[in-house]
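Handing you this structure, nothing more for now.
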Amino acid sequence: MSSSLLWAVDIFGRVYTLSTVGQYWELCKDTQLEFKRVSAVKQCCWGIACDHQVYTYVFSGDVPIRYQEETYENQRWNPVGGFCEKLMPSDRWQWSDVSGLKHQQLDSFTLPSPHWEWESDWYVDENIGGEPTEKGGWTYAIDFPSTYTKDKKWNSCVRRRRWIRYRRYKSRDVWAKITSHDDPERLPDPFNDISIGGWEITDEPLGRLSVWAVSLQGRVWYRENVCHHNPEGSTWSLISTPGEVAQISCGSYDLLWATLWEGQAIVREGIDRNNPQGISWSTVESPSSDNGIMHVSVGVDVVWCITKDRKVWFRRGVNSHNPCGTSWIEMVGEMMMVNVGLNNQVWGIGCDDRTIYFRQGVTPSELSGKMWKAIVCGRESDRSQTGSSTSLLSAGCFFTDDIQNQTNTVIQGDADTSSDTELSSIPTNLSSTPPMGAAASSASSTGSQAAGAPASVTVDPLDSDQGEAPAASASDEKAHLESRKSTNPTPSTELQWTNIDLKEAHRHAVLSVSTFTETSSLSSLGMFSVGAEEQYGADEHPLWAWVSGGGCLVDLHSPLKWFAVPSGLSSSVQSLSLSITPAQTAAWRKQIFQQLSERTKRELENFRHYEQAVEQSVWVKTGMLQWWRNWKPHKWMDVRVALEQFTGSDGMRDSILFIYYMYHEEKKYIHVFLNEVTIIAEVLKEGKHSFALYTPERTKQRWPICLAATTEQEMHDWLSLLTMSCCESRRIQGPPSHHAIWSVSCKGDIFVSEPSPELEAEPHPMPCDQMFWRQVGGHLRLVECNNRGIVWGIGYDHTVWVYTGGYGGGFIQGLASSADNIYTQSDVKCVYIYENQRWNPVTGYSSRGLPTDRYMWSDASGLQECTKANTKPPSPQWSWVSDWYIDFSTSGGTDREGWQYAADFPASYHGHKTMKDFVRRRRWARKCKIVTNGPWLEVPPVTLWDISIIPSSDADDEESVALWAISDKGDVLCRLGVTQQNPAGTSWLHVGTDQPFVSISVGAFFQVWAVARDGSAFYRGSVSPKKPAGDCWYHIPSPQKQKLKQVSVGRTSVFVLDKNGNLWYRQGITPSYPQGSAWDHVSNNIRKMSVGPLDQVWVIADKVQGSHGLSCGTVCHRTGVQPMEPKGLAWDYGIGGGWEHVTVRGNASQAPRGTVPSESPPEPMESEGRVMC
């Protein structure tokens, strides 16, 4: 589970955060302000301070928040002076925006607030549509406005160039005051409540948020233009309401509720991506006629409220179509306030004890949950103040009496010397508020005595009554220690201490077991300074005033650490233990494992000369499955399957799979030797729990053996057994090697193959259809690796994962999977369907099409009917996590309602309607989620689109490895601190660009190439281990009339892939001129490609001929790649179709030397280097 934060404010106005993977409340870094309320999302938090002003807290990150300012310089040609600044009266401004209608001089741009700073000065953009311009950046046209080109022609009468400048948001990890530039007469009065949400309404612009606020006069305000590139927003807009509003709550989508001072609730209707402020209000009455609503909180499709008698209510029937819901249901408990966060999870603050409670059991099927459970986490300051004391206490419990007695005198002496320590003053402003909840049970006898504490006292570490701490001299304290010893005369009841790791030994003394178990007071464990800013007692829990979970993602599959308190230990020391470092633990476990391994070998060697009692053993597993038969008509038929395993005299275990079927009432069978199977993979076929077995021959035919089980568990049992049998037959065990080739199927399944040295041998390389692929647990969209064993992956939701060195996971369990380094992994992706309509002169666009038209609800091709009701998740492992929504990010653009228009089906679609458009479509999306496990750990917090690791490196294990990436926003990043011991690295280094990028690759000698979103190519200069980010970008012209989408760099070769599936090779690359000179076409029908450390080329190809038709998504290997023939000669076809990604960047194993050349060169598999269609 990735880390996210729960925000809370205590009664003193201090802001705390609690991580979903932590156990302690951490005080906000910026503690200069006191707050009343906060509202948080993942990327930021907004709050109202005690001065009633609005502040925002933006998290720091490796990727800066940058905004690009641009203006255009326009010139016209005249016969006297040529191009000059003098324009015609009808022309646009000399300095203008892109349309020419707005006057924009360079000095007219100012920073929007003190929280921004300029990143650089103005400079000219020398790029137009992915093509570099001449020096100076001018583009030419006949007149304003027109189509501009980079080439100057005889009729070019006007020209313009683009100036750009970046500003950077600098106030991160601090509370930044929201300044207003509005008319002073319309400035909002002081604020009383604030709520942020709406991030799921639209993703345009990126990171858009809806910020709603309530003023002291009961007016509602909306903050305009809050997004990722403008975290402060621009202006406040007043929203009219039917009454005076007391409090407001905004959900992640289109749900907005507010409470009136009269006790009713009002609901905002008409909120959508085109109108985020909504249209009108509807009124909802209070669930109780006697007590009105005082607080409300909304989620995606839930509403919770608190009435004035502190009762908790849940609103039934709330959704986007009915935001008002249907009825109220009373919940158990009394709360001051509640807050609904991500996934509709609920938090509340108890009415009596001011403790934060978490609503357990909230699921998509049970939105109201089951029970309230208190969060019992302590504060981070408590852990830091008692770290050494607690480690001593924990350590003392594990040592024998001899060791304890040896240190007894030392501890007593240290206790005497610690008596001179004085503590700071203890605040007395909590005297009227006794401890509540869990704190009350442990300190009920002491809480009320804190009021009499003087301003400067000396606290006795052995006194369980922490409130009684009279000032005393050193002699008085010694006497008090002796008196405490006399009250505990029994040695057996004394918990002795040890002097191991004594960082603050002088602060500790002998403590009785009875005293320790009966008190949770931190002062009973040792002295510590209570700072002047400390508002609570030593072990008192904070008293909370507000909580916000809008940025807290609670994973239902991962338990939280917020509730566990070990018995017998105080809450302040619950997570502290022996001061044994992880390195010591790892060395200890490694030593034990080594000793056990040596003993096993020693015992076996003494008996190897004995004769085997059984020379051969046979084991058979049978079952009933379905088989997709080979002959027409192809359909599923019931078969009996038997897996026979036998062990020969040489100890080798082999297996045969028999499939028995009936053909014309005659019993027949087919058999497969598992040592010939090249891959076993789960496939999607007609909604069955099916999997496929490939052999080299069936790989060539593109026609595997497909079997289906009745249940998912039965399918996984067979997959696990067959995979383990194949690995045993080939003597493959353990994690993949550093030279392994990784690939990902279109389902997101991860496979790995151990390359043979003959794979790149010339002139007779090993055919890649004979490669054996085994599955690795997890779910990813792409994987990248190098020859140092560093492997990174990116999921469909752009989450980044790093390989832990394990193997197995997923359905592969038991002996075929490693016990360590397997972790829970999740992924989210979208399922798309299309709504199609045709125009007719009577009703306009409607769902009534022609008989020859596609289905009115279909997939992208239109050949398969896909409605909202019958569309299922990709497999039973997936579950829906959202409802259907219109996708406005479809390629080609959409109108305000998401429609795309075309002349007919199928055709090229565009986002605006013309007179010739008789059909239209729009895409609907729904998110689904899979939870599995595998040898992967998440690398937070940046989400990525592409990644590249230097394919080979001669550096030491401790030296850093070059790793470059593209974020999902298009930022270029360089990872620092990546080593073989720490493959996850330490931090990101942002590399500035003038536009978003989509692909990047780093070669074996630190050559960094990238592709921008507009299809242009760039080369990064001066990249080296001492200068990992390089110095500048060089614009490389793309192949003529082609837009690039991927680049891959090997040792000396650079290949790119354009959006039409053409593969290109960069010619003329030399150490003195690394940019190269020209592009040379290699092949077509390519989907993805990867260039290895030896310049070997592997691709995912489409339209590969098989025995039953064309296959898409086939792994192919380029043969004949030599220094004198870097483009290679032909394609060798491997596993597929249905593959999405392959990487060969870890395979640095050289082919064996001394091969005898054949008399004639092998005939290429295709002409002109093209994949066969």
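Including glycine, each Cβ sits where the backbone N, Cα and C put it.
The feature repeat 'TECPR 1' is assigned by Swiss-Prot to 210-239. Residues or ranges marked as repeat 'TECPR 3' by Swiss-Prot: 301-332. Positions annotated as repeat 'TECPR 4' by Swiss-Prot: 344-376. Per Swiss-Prot, the feature compositional bias 'Polar residues' maps to 413-430, 486-495. Under the heading region 'Disordered', Swiss-Prot lists 413-495, 1147-1173. Marked as compositional bias 'Low complexity' by Swiss-Prot: 431-456. The feature compositional bias 'Basic and acidic residues' is assigned by Swiss-Prot to 475-485. Sequence annotations record features per position, and here Swiss-Prot assigns repeat 'TECPR 6' to 962-991. Look at Swiss-Prot and you will find 1053-1083 tagged as repeat 'TECPR 8'.
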With Cβ-Cβ distances below 8 Å as the criterion, list the same-chain residues six or more beyond the ends of the repeat 'TECPR 8' (1053-1083) that contact it, or say none.
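1003, 1007, 1009, 1011, 1015, 1017, 1019, 1034, 1036, 1038-1039, 1042-1047, 1089, 1091, 1095, 1097, 1099, 1101-1102, 1126-1128, 1131, 1169-1171.
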If I take every residue in the repeat 'TECPR 3' (301-332) and average their pLDDT values, what number comes out?
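So the average pLDDT across the repeat 'TECPR 3' (301-332) works out to 94.
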Please spell out the DSSP helix, strand and coil residue counts for the repeat 'TECPR 6' (962-991).
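The repeat 'TECPR 6' (962-991) comes out at 0 helix, 15 strand, 15 coil.
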Same chain, outside the repeat 'TECPR 1' (210-239) by at least 6, Cβ under 8 Å from its Cβ: which residues?
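Tertiary neighbours of the repeat 'TECPR 1' (210-239) are 43-44, 46, 48, 52, 54, 56, 58, 65-67, 112-113, 115, 169, 176, 178-182, 186-199, 201, 245-248, 250, 256, 258, 261, 276-278, 969.
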Based on DSSP, tally up the residues of the repeat 'TECPR 3' (301-332) by helix, strand and coil.
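Tallied per class, the repeat 'TECPR 3' (301-332) gives 0 helix, 17 strand, 15 coil.
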Going by DSSP assignments with H, G and I as helix and E and B as strand, what are the residue counts for the repeat 'TECPR 8' (1053-1083)?
0 helix, 18 strand, 13 coil
